[in-house]
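**Student:** Can you read through this structure? Questions will come right after.
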Amino acid sequence: MHLTARLIDSRGETGRQIDANKAASTLRKTAGMNGNGPNKMVDPLEDPLPGLGTYEDFNTIDWVREKSKDRDRHREITNKSKESTVALLHSVSDAFSGWLLMLLVGLMAGALAGGIDIAAHWLTDLKEGLCLVGFWFNHEHCCWTSNETTFQERDRCPQWQSWAELITGTSEGAFAYIVNYLMYIVWALLFALLAVALVRAFAPYACGSGIPEIKTILSGFIIRGYLGKWTLIIKTITLVLAVSSGLSLGKEGPLVHVACCCANILCHLFTKYRKNEAKRREVGALLRVRGSGRLVLFYVEFHAPWHLVELVPFILLGIFGGLWGALFIRANIAWCRRRKSTRLGHYPVMEVLVVTALTAVLAYPNSYTRMSGAELIAELFNDCSLLDSSQLCGYKPPTNTSKTGVGNSLADRPAGEGLYTALWQLALALVFKMMITVITFGMKVPSGLFIPSMAVGAIAGRLLGVGMEQLAYYNHDSFIFKGWCSPGADCITPGLYAMVGAASCLGGVTRMTVSLVVIMFELTGGLEYIVPLMAATMTSKWVADALGREGIYEAHIRLNGYPFLEPKEEFGHSSLTVDVMRPRRSDPALAVLTQEGMTVGEVEALVESTRYSGFPVVVSQESQRLVGFVLRRDLLISIDNARKRQEGVVSASQVVFTEHAPAQADDGPPPLRLRGIVDLSPFTVTDHTPMDITVDIFRKLGLRQCLVTHNGRLLGIITKKDILKHMAQIANRDPDSILFN
């Protein structure tokens, strides 16, 4: 029999493939069952086999099949609930299980996030000193109960001593500074070494932010172990170490990965989630939406309203955020591509240690780069009041003390020596953060991008805000400020500029808009700041999109070759499905199974000689009329189990995909019915369907493949990988980059 050939990559759309012989051998070892008698004809539809409907690693799930399975399960439970009280209780528990799961996930993820935050704060302070009353106290907690703190030096107390005080007995002088400097570097290197070593040794998937992979997994791709218990344990530990090392990274992105790991692990406690890949992903979509809520850590309250004139500097901050976001993405992707293609990628431990040493050496002399990213942002968002001793509030005393701003805030005042010093330090910190974050994000340690991006924008915003404040103070009679900024009034709020700048840079990097404004609204608690935030974030997105359409996470998805169809990406080409489908004109014809007439030996020969993930089933080789589609894994499992459970099945046995088995000769072996594993309603399009419609079908239905027909005859197949390659080719990118790496 002439068997035509057709390539359907068995790694889903990207990834590695288990050889057919190895797969069959593995299944024979793991699926051993007792025989059911010589006359028993096994039908997978009536007698489900273990492993049917499951997926190999690096495959894309069949959303339609998973949804159909869940509807059938729900219909069966509903029907049985009318038969008995036990069945009714089972139906109620099934309906309630989703709420219970979300409660458990929230509790588990919240507990881990709280533990990570507390531990990171403690280890960060450990680089600078130790609490004498208990080494487990961080600096703030250590001085809580002290009665010897002063307002000017509220973070100084006898219970907390720097490493110089512990080693040399004094905290003053050059030698004490050098001791503290060296201890800071040593602790940073130790934390970074532990983080990268644990990741490499126990859970390689624990590195990075995890958001590109989470987005890919939620789209239907399977990466075994990425949301497993070992990844959760190691990511939790190493995230604390990485943040504490002082590297320019955050923990918000990795916390989304941690929450999704919690959801995946807890899903196995509930049957309807454990046995359905699509239902499990519904839980992770919910978590991704809510994963950004950690930013309420920077809750602030501004007292002075903004004015229409200030929209101009707000828009300037948006332009800055868009420019920096686009340039950061290009620089970071170029660095990560260099890491992949050169010897740099062969030494991840050395890379982490070198970057950590460089960061520690350059960060320590500047108080604004030495402090953690979260503390820096909180400092920049702060609205100066009468009780503030921060350098950023180092203004000259007001000449008329009776004139104050609203509430506890102060009226605009001339900048003092402390503020000028802080501005120079912030300017240096801005340059440092912009450069070091490029080479930090993407290393083999857990690393988030929210905090570094917000820090860059907050610094730029605070600098511009102070500049506007001084401009208003010295020019309150000019036409720009006249009428709304009188002398002695609190006109400009630099903290608000810092918040707008943070939103702009984060929007430029991630391309978030409405959701980002909602997050920032939660920070302020006031509706009056929505307009400045929206103006800045939309400007940031427009500027960044003009320089590059991809956000940082989409860029990393493309860099790694993940099979992800971006929902917002437009398909503006006029090609048809016949232009994209395979086989092409120069390719071998499509490999198919006929609904009857093939033997077990011929089917096994076809499977063993190809690396396809599935095979169309047709009426005959001549007609090519489509019957359905069968997955390679289901075919292997069914044949292997039939040889064990159905006596007489040999290589000469007929394989039938019809509803009724054909008549067999008295001396012939029994046929093998496999109609139960055939998808009798595969998605099909005609050869003249426009590709923009086909792409929308793949996006909205989550298809892994779609068959192409002409007048009911099978012509070819289109997979998600084919679409991604075609879109890459249109965009003048290498189509062969679409593979899992």
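Even glycines carry a Cβ here, placed using N, Cα and C.
Taken from TrEMBL, the feature domain 'CBS' covers 581-645, 677-735. Taken from TrEMBL, the feature transmembrane segment covers 99-123, 181-206, 227-249, 312-333, 345-364, 422-442, 449-468.
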**Student:** Cβ under 8 Å, sequence separation of at least 6 from the ends of the transmembrane segment (99-123): give me the contacting residues as numbers and ranges.
**Tutor:** 136-138, 140, 191, 236, 239-241, 243-244, 251, 255, 258-259, 262-263, 266-267, 269-270, 273, 283, 286-287, 294, 372
**Student:** Does the transmembrane segment (181-206) come close to the transmembrane segment (227-249), meaning at least 3 CB pairs under 8 Å for residues 6 or more apart?
**Tutor:** yes
**Student:** Using DSSP, tally how many residues of the domain 'CBS' (581-645) sit in helix, strand and coil.
**Tutor:** 23 helix, 18 strand, 24 coil
**Student:** Could you tell me the mean pLDDT the prediction assigns to the domain 'CBS' (677-735)?
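**Tutor:** PLDDT averaged over the stretch: 89.
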**Student:** Which residue counts does DSSP yield for the domain 'CBS' (677-735) in the helix, strand and coil classes, in that order?
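**Tutor:** Helix, strand and coil residues of the domain 'CBS' (677-735) number 24 helix, 18 strand, 17 coil.
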**Student:** Quick one: do the transmembrane segment (422-442) and the transmembrane segment (312-333) reach 3+ CB pairs under 8 Å, ignoring pairs fewer than 6 apart in sequence?
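**Tutor:** When sequence-distant Cβ pairs are counted, the transmembrane segment (312-333) touches the transmembrane segment (422-442), since at least 3 lie under 8 Å.
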